[in-house]
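Enquirer: Handing you a structure now.
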Amino acid sequence: MAWTPLLFLTLLLHCTGSLSQLVLTQSPSASASLGASVKLTCTLSSGHSSYAIAWHQQQPEKGPRYLMKLNSDGSHSKGDGIPDRFSGSSSGAERYLTISSLQSEDEADYYCQTWGTGI
């Protein structure tokens, strides 16, 4: 039984040594004309390119609205009632939200979020 603490310590050191800080970076702002398209970018920090993210929208005076979960392979699942004009894609550590045929109600803050585990 003397090996148990050593094994635990080895696993603990391995886990803590493999952690690196996860940071999401978004493009600061974007603008486009009604009817046009816009592409927003969320970049995962080095070593986290396999992570999924979620895109959210927050219109003025309203709570956040879940738009979609976006995986590293570009597959995504949208929230209820999200129009087809909203789509997601991925390339390496970058996750994109594209809004096509912009409408006035699309004027909002958009932000990305992750859960801190690779998927």
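Including glycine, each Cβ sits where the backbone N, Cα and C put it.
These came from Swiss-Prot, pasted as-is:
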- 1-20: signal peptide (SIGNAL)
- 21-45: region 'Framework-1' (REGION)
- 21-119: domain 'Ig-like' (DOMAIN)
- Cys42-Cys112: disulfide bond (DISULFID)
- 46-52: region 'Complementarity-determining-1' (REGION)
- 53-69: region 'Framework-2' (REGION)
- 70-76: region 'Complementarity-determining-2' (REGION)
- 73-92: region 'Disordered' (REGION)
- 77-112: region 'Framework-3' (REGION)
- 113-119: region 'Complementarity-determining-3' (REGION)
Enquirer: For the disulfide-bonded residues Cys42, Cys112, which one has its C-beta crowded by the most other C-beta atoms within 10 angstroms?
Expert: Cys42
Enquirer: What does DSSP say about Cys42 (disulfide bond): helix, strand or coil?
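Expert: Where Cys42 (disulfide bond) sits, the three-state DSSP reduction gives strand.
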Enquirer: By a Cβ-Cβ criterion of under 8 Å, what residues six or more beyond either terminus of the region 'Framework-2' (53-69) are in contact with it?
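Expert: 24, 40, 42, 44, 76-79, 82, 86, 88, 95, 97, 105, 107-114.
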Enquirer: In terms of Cβ proximity under 8 Å, which residues at least six beyond the ends of the region 'Framework-1' (21-45) contact it?
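Expert: Same-chain residues near the region 'Framework-1' (21-45) but 6 or more away: 51, 53, 55, 93-104, 110-114, 116.
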Enquirer: Pop the mean pLDDT for the region 'Framework-3' (77-112) in here, whole number is fine.
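Expert: Mean pLDDT across the region 'Framework-3' (77-112) comes out at 96.
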